[in-house]
Amino acid sequence: MAGKHGRNGFEDDDVNPFAGGSVPPANNSRLPPLSHEPADFYNVDIPLDSSKDLKKKEKELQAMEAELNKRERELKRKEEAAAQAGIVIEDKNWPPFFPLIHHNISNEIPIHLQRMQYLAFSSFLGLAACLFWNIIATTTAWVKGEGVIIWLLAIIYFISGVPGAYVLWYRPLYNAMRTESALKFGWFFLFYLIHIIFCVWAAVAPPFPFKGKSLAGILPAIDVIGRSAIVGIFYFVGFGLFCLESLLSIGVIQQVYMYFRGSGKAAEMKREAARGALSSAF
């Protein structure tokens with residue numbers, strides 16, 4: 001079979017595929033190394049102040065400090081001058097939720113006078129509470145047919161009585177306690193007596209000179225309770241509040257007067273009054 005066909009098809013031929021030279025042998029050479037170059041970093045030049053610049057800035061800081069010290073001394077001088085003239089710069093801090101007035105008993109009133117001042121402050125708040133309840137009582141009476149006039153008068157009592165009490169007797173007492181001014185004590189006594197008279201009058205509430213039921217006192221309470229028990233109860237509560245306010249106010253004026261006499265302020269007030277009369281005469 002082998003002789004007939006001449007060669008065996010399964011016989012390996014000893015053939016070199018690269019013998020013809022058509023495919024070049026692999027080159028074993030390396031790539032050339034990269035040249036060494038210096039890293040190109042950014043250079044940041046931070047200039048250092050010279051001694052001349054430092055001295056200049058130091059002089060500027062010293063000038064600013066001197067100016068601030070000058071302003072501080074000027075402000076202190078104005079505050080001292082205002083204090084000597086009786087002018088007090090006050091920040092509004094009361095009531096806390098809506099400041100309307102300056103009020104700081106613990107820091108501005110001497111310790112031995114703070115109790116009296118707190119009692120007077122309670123009297124002021126008590127008057128506000130009485131007049132506010134008086135509005136409620138007259139409102140119930142108005143609803144039950146007593147007329148709108150008494151309600152309008154109750155509103156007038158409140159919006160005039162509370163600020164009036166603060167200006168006429170509470171603030172003078174506050175300043176008197178703080179500055180030990182005898183004349184301010186005299187002003188307080190005058191208008192606080194009027195306050196006590198009004199509280200006693202309101203507790204009774206006669207039909208004159210005010211409109212009969214515009215004050216929640218004992219007489220209107222007796223009059224209306226027969227027609228309306230609810231209105232009568234509101235008026236009796238108002239009567240009780242005015243009685244408590246009257247008693248508290250009497251206690252306040254007694255304590256303030258005892259301090260006024262014991263501290264020699266009465267004689268001082270007489271001397272100041274006499275001095276004022278002489279100066280006005282001449």
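Cβ from N, Cα, C; glycine included.
Over in Swiss-Prot, the protein carries these features:
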type     : residues : note
TOPO_DOM : 1-117    : topological domain 'Cytoplasmic'
REGION   : 1-36     : region 'Disordered'
COILED   : 48-92    : coiled coil
TRANSMEM : 118-138  : transmembrane segment
TRANSMEM : 148-168  : transmembrane segment
TRANSMEM : 185-205  : transmembrane segment
TRANSMEM : 230-250  : transmembrane segment
TOPO_DOM : 251-282  : topological domain 'Cytoplasmic'
Task: Residue numbers, six or more beyond the limits of the transmembrane segment (185-205), whose CB comes under 8 Å of its CB atoms - done: 127, 130, 134, 161, 165, 168-169, 172-173, 176, 212-213, 215-220, 239, 242-243, 245-246, 249-250, 252-253, 256-257, 260, 265, 269, 273
Task: Mean per-residue pLDDT computed across the coiled coil (48-92) - done: 77
